[in-house]
Structures are given as structure tokens and as C-alpha cells.
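**Q** Just passing along the structure, written as C-alpha cells.
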Amino acid sequence: MHLFLSCSHHIQKPPLKKKKIKKITLYPLGVITHTYTHIALFTVLPLSAVFHFDLLFILQPPTPPFTQSFSNAQCLCCCSHEFCDQAVLLNSTSLLEINITHVVKEGSEKADASQFELLKVLGQGSFGKVFLVRKVTPPDANQLYAMKVLKKATLKVRDRVRTKMERDILADVNHPFVVKLHYGFQTEGKLYLILDFLRGGDLFTRLSKEVMFTEEDVKFYLAELALGLDHLHSLGIIYRDLKPENILLDEEGHIKLTDFGLCKEAIDHEKKAYSFCGTVEYMAPEVVNRQGHTHSADWWSFGVLMFEMLTGALPFQGKDRKETMGLILKARLGMPQFLSTEAQSLLRALFKRNPANRLGSGADGAEEIKRHGFYSTIDWNKLFRKELKPPFRPAVARPDDTFYFDSEFTSRTPKDSPGVPPSAGAHQLFRGFSFIASTLLEEDGSPFLQFSSLPLQQLHGKNLLFSDGYVLKEDIGMGSFSVCKRCVHKATNTEYAVKMIDKTSTDPSEEIEILLRYGQHPNIITLKDVYDNGKQVFLVTELMRGGELLDRILKQKFFSEREASAVLHTITRTVEYLHSQGVVHRDLKPSNILYVDESGNPESIRICDFGFAKQLRANNGLLMTPCYTANFVAPEVLKRQGYDEGCDIWSLGVLLYTMLAGFTPFANGPEDTPNEILSRIGSGHFSLTGGNWDTVSEAAKELVSKMLHVDPHQRLTAKQVLRHPWIVQRDKLPNSQLPHQDPKLVKGAMAATYSALKNSQPTPELKPIESSFLAQRRVKKLPSTSL
């Protein structure tokens with residue numbers, strides 16, 4: 001075993017006459033260190049990796065591990081944004097090979113890079129890239145993963161140990177709020193970690209760009225985070241790099257802790273770690289002043305994160321790292337008075353500079369945090385089982401969507417560039433770096449065979465233009481700023497619909513975001529793909545083979561009140577879901593309600609065309625969580641939202657009236673003038689006598705009247721409609737046929753109604769999403785924080 005002393009070639013070494021070596025030490029461990037006046041370095045490298053060194057020693061086989069503290073200095077063994085002034089040295093054997101905790105049973109196939117198709121670049125750092133990949137071989141073919149590719153040639157030995165540490169930690173951990181590692185393997189030049197693909201992006205993106213949070217919302221994220229940290233601590237792991245960027249969101253909005261390169265394993269409450277590797281603003285005082293730290297340091301970082309989420313600023317931040325570290329050690333925290341008493345109490349309990357006094361540092365650990373009054377409303381068992389609803393749902397409809405990842409990265413064509421193979425000894429360092437997650441094996445060790453039932457759409461990484469992936473067919477429909485056509489996917493020959501939107505006339509961003517966020521609902525049209533050529537946006541959706549709702553009803557020889565109730569129930573349930581999320585459709589005319597197939601089953605109904613839909617936003621353009629809406633939204637904003645929701649209910653009332661009466665309530669036919677139609681709508685008068693109304697139930701008449709009330713604020717809400725006896729007691733409704741007018745006459749009258757409404761007032765222009773300034777605020781310290 002060869003161990004060498006290195007003055008790293010990354011550092012400009014000062015001339016010896018100015019900065020001479022003060023001390024050379026040979027440790028029993030087999031690591032030689034040397035210090036200049038302000039630099040302390042160590043390294044362990046194979047012979048073929050040595051280029052220029054001050055001193056060289058060939059040592060005997062290692063003796064037991066030995067830990068040595070160094071002076072306060074910045075060390076380039078860490079990332080450029082991190083510090084390392086104390087090092088925990090590992091023995092030579094552990095450098096050569098770290099034991100694998102998951103043993104692959106004999107006969108099972110190990111993973112390699114050829115089994116993964118590169119789809120998109122999700123991120124890139126100095127050590128490598130993170131890709132979105134699709135597994136192409138069983139037992140998990142078509143499954144999407146995030147693949148972390150690290151180049152060995154760019155990793156210093158310490159970073160290599162940290163990489164293996166991350167792999168081992170992830171392999172050990174199985175928790176709902178910690179990212180899962182599925183595969184780990186290596187080539188001669190690279191290391192590969194195959195992880196959960198978290199489609200919601202990172203929590204910092206959510207904080208800085210899109211959503212207005214309240215204390216209750218922050219409480220939810222911090223509670224999930226506390227459970228994840230508690231689990232890591234129970235395994236003897238200090239996280240040490242807790243920050244929003246390392247907290248990801250899944251598609252439902254639950255958190256996942258990730259990026260374990262800075263974790264320190266194998267500690268207990270009596271032992272301390274001495275590495276100084278982390279993001280300085282989140283560091284605990286004992287990490288900054290080199291006293292050694294335990295899991296208590298994570299609870300300080302937890303407090304920093306809580307403070308940042310609640311205020312939008314960091315509690316301790318100076319103009320540079322040195323000043324920031326000084327503030328962490330000595331500054332008096334200015335506590336914002338707009339925070340609740342419970343929140344202030346918890347922050348003070350977390351910001352104890354003596355780690356022994358910090359909440360969470362005792363024998364009970366996280367139980368101390370969980371018992372605090374701030375969390376009195378949290379049901380921890382339900383939280384662990386993911387039975388509590390997250391405050392925010394990311395906009396991720398497609399399995400391969402990366403809507404919430406940095407566009408700087410996701411727009412790049414994926415390429416796993418060939419790594420420069422280092423020495424054979426460096427490859428030896430990562431022996432045994434391959435394993436398969438045990439959950440992919442049956443109990444007898446045979447592969448678990450389960451294939452994805454639906455083929456995934458071709459991705460932009462391969463097809464940058466719509467015409468690369470699809471063939472356009474005939475027109476399906478026309479809109480004010482768009483045209484809808486049938487199209488065929490070239491690779492799979494599958495038929496879809498594509499809505500081609502003129503970007504010069506309207507901004508489609510709101511429609512796209514709503515479809516991405518809520519398209520998972522079974523009765524909302526599913527967005528399959530999005531293309532943008534600069535002038536037009538192409539929204540590829542499922543094809544509505546069953547046609548328009550009204551067409552199908554009017555063509556039926558037999559349509560009863562009972563069937564009308566089932567149809568209205570499905571549509572209103574979907575609208576209620578949208579309204580509960582702060583979304584109003586604002587264009588719920590019958591031509592935008594279609595069947596996905598020919599079955600005529602109410603469950604195959606889809607609400608389409610969200611071109612006029614909008615999400616409830618604050619004045620700064622940010623979305624608002626339900627809690628924020630309930631507590632902080634101005635009355636006039638809520639009134640406007642109630643008006644828009646009332647308009648949706650009115651449209652459903654028109655549809656219900658037409659289904660029951662066989663003709664429209666406010667237009668007799670396509671010949672009616674807009675003024676005549678608007679006059680009838682404005683008066684609120686419509687007939688509930690004669691014709692079909694003589695046989696329609698009284699409950700139906702009452703429901704129609706309340707849905708078509710002239711005052712939007714006095715109409716029933718979607719939730720109230722769903723509770724109405726005509727919906728709830730459907731089996732008691734008449735099952736006799738409801739006659740109707742000539743279908744063309746009915747459709748013409750309906751078109752005339754909505755045309756008159758559309759032309760009666762200008763449609764407000766939808767503005768693009770605005771961003772908050774949290775990212776900028778992060779570089780500013782609070783005025784109330786002072787030494």
C-alpha cells in the first residue's frame with residue numbers, strides 16, 4: 001500500500017523562501033500531512049496518479065485508524081462553496097473497499113450503463129452530471145430513474161470516499177421521506193448511482209418561484225423533514241448538508257431528502273464528527289468553531305431552514321463567508337414578530353449555540369421536536385403514512401416530465417461523455433461498487449418481472465421539433481387562437497390530438513401548467529407532450545374518440561333523468577376538484593366536455609380546453625396554498641374567485657337544463673340575436689313548465705334553479721351540487737326517456753348562447769407567472785441581526 005504526501009496541483013504553491021514548511025508529520029495511520037502557514041493538506045493516491053509532490057514515503061501496511069485535528073484553514077478537498085478544516089482520516093483498508101450492505105443473490109444480473117437510456121440532463125456539477133434515464137431491461141423495464149454519473153478522474157480521494165459513503169447510506173436507508181437508491185455500479189472511469197426520479201423538483205425552487213406559503217404549510221414540510229432526519233439519526237448518520245436544494249418533492253408534493261455526500265456515518269451520541277464540510281450559512285456554531293459535532297448540528301440547520309421558509313431570508317448571513325461564520329458564532333438573532341408565538345419558541349429552542357441545550361439533542365432526539373407546541377396539530381402517524389395532503393402539488397402530469405428542473409440543464413441534449421480512465425489503483429478504490437436493490441428480487445432471488453403497461457412518449461432529447469415525432473392529420477376543432485388536429489406518433493403509431501396555439505395572440509403558460517398539475521385527474525384531459533417552436537406551442541393530448549357530450553346525448557334514442565344525474569355528477573365532481581385547488585375553468589360550454597371513447601360511460605367524460613382557465617394567485621403573481629387563501633387573501637380577490645366559480649356552475653346549469661328539457665334555457669335557436677340572448681340571461685328568467693318539465697322530478701327543477709341563479713354568489717357551489725338529493729339519490733329518479741329538439745337546433749342555440757356571452761365583454765389577458773425574490777433575498781442579511 002503506497003501513501004503519498006501531496007501539495008495539490010490545484011493550489012499555487014508559494015515559494016519556499018517566503019512560506020517555508022513548518023511541520024512534517026508521519027502518522028501511524030499511514031497518512032503524511034504537511035502545513036504551510038495557512039494551508040493543511042492530505043491525500044492518499046496510487047503511484048500512477050502522482051504527478052508532483054514535495055515528499056514521498058512508502059509505508060508499511062496500516063495500523064488502526066488515527067484521527068488528527070488540523071488548524072483553521074480552507075481546504076480544497078471539498079467543493080468550491082464548502083470548507084474543510086478538520087479531517088476524519090480513514091484507514092487504508094476502508095479506502096480500498098467499503099463493504100456493500102446489499103448482497104446480490106447469485107444468478108441475478110448486475111446493472112451497467114447500457115441498461116439505461118439517457119433522456120434528459122437534470123443537473124450538472126464539477127464532478128459529473130445527473131440524467132433522467134429509462135431502464136431498458138427487465139425486471140423494471142421502462143421505469144424512470146435519476147442517474148448520478150461521477151467522473152473518477154475529477155474526484156479527489158476524499159470526494160471518492162464521500163461518494164461511496166453516499167452510496168452506502170442510501171443503500172441502508174428505507175424511509176418514505178428519504179430518496180431511494182436502486183442501483184450502484186462503476187466503469188473504469190465513472191461511478192453511477194441510480195436513484196428515485198423525483199419529478200417535483202427541489203423545495204428551494206418552490207419557495208423562490210411559485211407559491212405563497214403560510215406557517216401551517218411550512219409546518220407540514222418541516223414535520224416530514226423531521227421524520228426523515230430522525231430516521232437517519234437512528235442509523236447513526238449526521239446529515240450535515242441540510243438546505244432547500246437538497247430537499248426534493250415527489251409528484252404528490254411530499255419531500256425526499258437527497259445528496260448524502262456530506263453525511264458522516266457510524267456515530268452515536270457519545271461520539272463526535274470533525275469534518276467541516278457543508279454549506280456555511282446552514283452550519284451550526286460547533287461546526288464553525290471546530291468543537292466537533294453530533295446529530296444536534298442537524299437541528300440547528302433545521303432551524304435555519306425553518307427561518308428561511310417562514311421569512312424568505314437567512315438568519316445569519318454576512319457579506320462573505322468569514323463574516324457569516326462570525327454571525328453564526330456571536331450574532332443576536334432578530335426574531336420577526338409576525339411569526340406565531342409557537343414558531344418563535346421553536347426557533348429559539350433550535351438556535352441554542354450550546355448544542356447540549358438545543359432541542360433535539362437529548363436522548364429523546366426528534367421526539368423533543370415532535371412534542372413542541374408548534375407541531376400540536378400534526379398527526380405524526382398519518383404524516384408518516386402520507387395520509388396528510390401536501391400544501392402544494394407540483395405540475396407533473398407525464399412520467400417523463402421535468403417541468404420543475406432548471407431549464408438550463410433540461411434543455412441540453414443528454415450525453416454521458418466518456419470519462420478519462422484513471423489508474424488501475426483508483427479503480428481498485430471502488431471495487432464492489434455495484435449492487436441491485438433487494439426490492440427488485442423475489443424472495444427466492446429470481447428477478448421481479450413487471451413491465452410498464454403504457455409506452456412512454458418520445459422525449460425532446462430525441463425529437464426537438466413536433467414534426468420529428470408526430471404526423472399531422474385532419475382538423476378536429478377551431479378556437480380563437482388555436483386549431484386542434486388529429487396526429488399520429490411516429491414511433492408507436494398511436495393517435496393523439498394536438499392543440500396548436502398561436503403564441504403571438506395568447507400566452508399558453510397557464511393552460512400548460514394547469515394541465516401538468518391536474519391532468520392526473522381521471523376526468524381531465526391528459527397532456528402527453530409539449531413542443532414550442534417560438535411562434536407556436538403544440539399541446540399533445542389524448543384523442544377524444546367519443547366526441548362531444550351534447551352530440552352523444554342528442555344522438556341517443558334513450559336518455560333518462562337518471563342518466564343525466566350520472567353525467568352531471570361526474571362533471572361536477574371534476575369541477576369541485578378544480579375549485580378546491582383554486583382553479584376555475586371559465587369556459588365550460590358543452591363543446592369542451594367530451595368522451596374519450598365510444599362507451600358512453602360517464603367515467604369516460606373528460607373536461608378539455610383550459611385556454612381560459614386560471615389559478616388563484618396573489619398580487620405578486622404567485623400561487624397560493626389553500627391555507628394561504630383562507631387566511632390572507634383580500635375579500636375582493638375571494639369575491640372574484642367566487643364569481644368565476646359561479647360562472648362554472650352556471651355553465652353546468654345550462655348543460656343540465658338542456659339535458660332535461662331537450663332545448664337550451666336562454667336561446668330558442670341559432671337565429672336569436674346576441675342582445676335577445678343576453679337580455680334573457682340578465683333577467684334570470686327561464687321556463688320550468690311544459691314539455692319534458694311536466695315529467696321531470698321536482699328535485700331536478702330545484703337544482704336547475706339554484707345553479708342558474710342570476711346572482712353568481714347565490715348559486716350553489718360545486719360541493720353543494722354534489723350533496724343535492726338529485727345527485728345523491730339517483731336510483732330513485734325516473735328512468736323514462738326525455739325527448740329533445742332536433743340536435744342541430746339545440747347545438748345551434750347553445751353555440752349562440754356562448755357566442756353572445758363571449759362578445760359581451762373582453763376577456764382579460766392572462767399574464768405569465770411572476771417570480772418572487774427569495775433567491776435575491778438569500779444574499780441579504782436581516783437588518784435586525786447584529787453582533
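Each residue, glycine too, has its Cβ placed from N, Cα and C.
Heads up, here are the entries from TrEMBL:
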type: TRANSMEM; residues: 26-59; note: transmembrane segment
type: DOMAIN; residues: 116-375; note: domain 'Protein kinase'
type: BINDING; residues: 122-130, Lys148, 476-484, Lys499; note: ATP binding site
type: DOMAIN; residues: 376-445; note: domain 'AGC-kinase C-terminal'
type: DOMAIN; residues: 470-727; note: domain 'Protein kinase'
**Q** Counting Cβ atoms within 10 Å of each candidate's own Cβ, which of the binding-site residues Met478, Cys484 comes out highest?
**A** Cys484
**Q** Which ones in the same chain are close to Lys148 (ATP binding site), with CB under 8 Å and 6+ residues apart in sequence?
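**A** Listed in sequence order: Gly128, Lys129, Val130, Tyr192, Leu193, Ile194, Leu195.
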**Q** Within 10 Å of the Cβ of Leu122 (ATP binding site), how many other Cβ atoms can be counted across all chains shown?
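**A** Within a 10 Å radius of the Cβ of Leu122 (ATP binding site) lie 23 other Cβ atoms.
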**Q** In this predicted model, what is the average pLDDT of the domain 'AGC-kinase C-terminal' (376-445)?
**A** 56
**Q** May I ask you to report the DSSP-based helix, strand or coil state of Phe481 (ATP binding site)?
**A** coil
**Q** 10 Å Cβ neighbour count around Phe481 (ATP binding site)?
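**A** Step by step: centre on the Cβ of Phe481 (ATP binding site), count other Cβ atoms within 10 Å, giving 14.
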**Q** Within 10 Å of the Cβ of Gly128 (ATP binding site), how many other Cβ atoms are there?
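**A** Excluding its own Cβ, the number within 10 Å is 24.
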**Q** Looking only at DSSP and grouping its letters into three states, which state does Lys148 (ATP binding site) belong to?
**A** strand
**Q** Please report the three-state DSSP label of Leu122 (ATP binding site).
**A** strand
